[in-house]
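Asker: Sharing a structure below in structure tokens format, with a few things to ask.
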Amino acid sequence: MSRFFTTGSDSESESSLSGEELVTKPVGGNYGKQPLLLSEDEEDTKRVVRSAKDKRFEELTNLIRTIRNAMKIRDVTKCLEEFELLGKAYGKAKSIVDKEGVPRFYIRILADLEDYLNELWEDKEGKKKMNKNNAKALSTLRQKIRKYNRDFESHITSYKQNPEQSADEDAEKNEEDSEGSSDEDEDEDGVSAATFLKKKSEAPSGESRKFLKKMDDEDEDSEDSEDDEDWDTGSTSSDSDSEEEEGKQTALASRFLKKAPTTDEDKKAAEKKREDKAKKKHDRKSKRLDEEEEDNEGGEWERVRGGVPLVKEKPKMFAKGTEITHAVVIKKLNEILQARGKKGTDRAAQIELLQLLVQIAAENNLGEGVIVKIKFNIIASLYDYNPNLATYMKPEMWGKCLDCINELMDILFANPNIFVGENILEESENLHNADQPLRVRGCILTLVERMDEEFTKIMQNTDPHSQEYVEHLKDEAQVCAIIERVQRYLEEKGTTEEVCRIYLLRILHTYYKFDYKAHQRQLTPPEGSSKSEQDQAENEGEDSAVLMERLCKYIYAKDRTDRIRTCAILCHIYHHALHSRWYQARDLMLMSHLQDNIQHADPPVQILYNRTMVQLGICAFRQGLTKDAHNALLDIQSSGRAKELLGQGLLLRSLQERNQEQEKVERRRQVPFHLHINLELLECVYLVSAMLLEIPYMAAHESDARRRMISKQFHHQLRVGERQPLLGPPESMREHVVAASKAMKMGDWKTCHSFIINEKMNGKVWDLFPEADKVRTMLVRKIQEESLRTYLFTYSSVYDSISMETLSDMFELDLPTVHSIISKMIINEELMASLDQPTQTVVMHRTEPTAQQNLALQLAEKLGSLVENNERVFDHKQGTYGGYFRDQKDGYRKNEGYMRRGGYRQQQSQTAY
């Protein structure tokens, strides 16, 4: 008989505690017979029948809960995996959603996830700290969620307009379902614990009812006991369940399931509790409605922090009635400085105290010496405001710093009797005795050098494409003005070493700037300019070239440190190259011998050297010296790390090779954006120079199997272009150069010219040069000349003779130029021909082998090498080296082998005998 038709009593299902576990005591008669009476299906555990809606929604809520946990720990990879599973689960529940509508918790997770991803995307610092997998998952998930949310746009919009209402509706629904349950906490997915437990407790099992019977009072009504008996007889018995499951069920039932009110007092208390909850709910709704009405009627509201703002009183520096003297002020200054650098010190308050101390000293006429000393400490405190080296100064602090340095310089220029220096000890300071020169410990040069470093950090940490960068760049005029003032001060009172240091600062702010006014004066002859223009030019001061010459020569003569002299030489060369003074720049580079030992310099100097070499190569290209330009740019471009070597950014592949600290150090060495060299212009100059050198060389050595490559990068671009199955019109700069190279191979200079010089290339490259028209004219002439050389190399075997006038017309070159080019080729033995002066023709000598002969020669050479390799392998297998014994045995190629192996064979024969 099935267990569903058996009746059991309370004694049959009583449980007893064994150790710490709650175990059901089985009946003796049924225990042994149960495996024989029950079928396989009846031995299965009890199943809870749920609807399809509950199953699908539970699957969705579990996935949502996992996503929210991943969001809390910023695990974007886990979010991506669970979001894909969530989409699949939602697809399975589509039929239910079409009937019931989209669940509110699903809309909430979509909106929250999209906002969360947008916050992560905008957090630049956080993105940098992400690992590779999370960063990739963030980009992928952001695209997927934006695409996925388009189908739920209306639901998400309504949710975002009133998210609180959606949450309240869910809360009300859960409160009604729970009917006064003590646990009102709603989880993140809108399903409360009370609702969950109520569903479970609507049809309790027999064991749980029995357990609750024992916990209830014994004075229950007879109807309740009869109902319990009916439940006992009518419910399914759990005798076949494991002891562990029974223990868990009884424990959960006793902990979570509610008890029915047994007395009138309990019923009244429950009723009162429900009334209180309904009243609280009504109060919340009315309060929210009142607030909304006030918001609509009262206009705009202003958000304040912590109520009425209090007027901040100035801190009291001295007690009332204290006499302000030099000693008192210096003592107070030392007290303030003692807290400097300590943990918990308010740096902003410390700066305010020092500024207040300056005002007190000025009001009491304590002298300029005390004010200068306090000013030095204010500037030092401004620099120490950010303890982290990588953090740049805030705009307000930066403005205070510039103003304070200017005020300090005003005082020093107005009072020549004040001497400042690092070598002055605090014991020997003279701050108030006017009979002697005032002496203050401090170094104005160190403050200015730190100011320059802070300016560089500000420019490094500002978005170069924003208006903020332009505003910060305007501050460079103030920085340069301060450097000039300090330069004038140190020229009068500073040492030679200090003058060299301030000169270098001035050079570093001058060398990269193109002097347009001096350039215009060079283009305009002095006779054509009026007298007023000449007077204006004289009043403007010296040109940047004259200034650089004066400052650098002083450093060359007076400096005792290699670093300052090296930086000055490199800046001087850069400035010469920038203004197209090629020969001065080249001679200075060769005489300095910097290329021999630059690898021992520190990284910032190496970056400056790389920038100088690049500018030198661009200068040579503007002058039409393509070979010099190619040689100067070869090291930078062949490495494939031009961006990193020039200090203009870090490569992604190199970021994996260094840790976070090394990356921070590398970023601090980067050059600000306004000092950058255009990398596309640099690559274009290099590739065009390589094209003008490589294409004629390839045509001249076409049959040479061992020809060397002048530029590996140029050959790589040619191979990439040849691999493309379909060739459309060129778009990028590299494609333009490759297409021009193919045209030059055929001697078609016009097509080559159209690919190199056009509107697209003008906008990207050629218009960026100061003298763009001059550069374009030079390029056209170079293309014509090298195309002529390529044509003669390629088709010399076709002609017996060719007229120079014909060549002049083909390449649109004047006759003397054609004559000069051909003469150089004949003299250098590049072209086997002779010039017939009366007829102005080039007579070919035909000493070069034809194409068929070249192929035959190559085949013969390869066959010869193959025979030698086979003989060597055979000798190695036979154990004889040099083939002597084999040749003696059967005379196989005896003479030829002897002649070919020569001395080695003879030496072996001597040792054998």
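Every residue, even glycine, has its Cβ placed from backbone N, Cα and C.
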Asker: Here are some residues: SER18, SER201, SER428, SER732. Which is flagged as phosphoserine in Swiss-Prot?
Answerer: SER18
Asker: Among the residues SER51, SER154, SER166, SER639, which does Swiss-Prot list with the feature phosphoserine?
Answerer: SER166
Asker: Which residue does Swiss-Prot record as phosphoserine, given the choices SER39, SER158, SER466, SER711?
Answerer: SER39
Asker: According to Swiss-Prot, phosphoserine sits on which of SER9, SER208, SER801, SER865?
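Answerer: Matching SER9, SER208, SER801, SER865 against Swiss-Prot annotations yields SER9.
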Asker: Annotation phosphoserine per Swiss-Prot: which of the candidates SER13, SER205, SER235, SER529 has it?
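Answerer: Record lookup, Swiss-Prot, feature phosphoserine, residue SER13.
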Asker: Based on what Swiss-Prot says, identify which of SER95, SER654, SER909 is the phosphoserine one.
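Answerer: So the answer, going by Swiss-Prot, is SER909.
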Asker: Among all chains shown, work out which of the modified residues LYS99, THR524, LYS643 has the most CB atoms within 10 A of its CB.
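Answerer: Answer returned by the neighbour count: LYS643.
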Asker: Roughly how many angstrom lie between the C-alpha atoms of LYS643 (N6-acetyllysine) and THR524 (phosphothreonine)?
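Answerer: About 37 Å separates the two Cα atoms.
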Asker: At the Cα level, what's the spacing in Å between LYS99 (N6-acetyllysine) and THR524 (phosphothreonine), rounded?
Answerer: 85
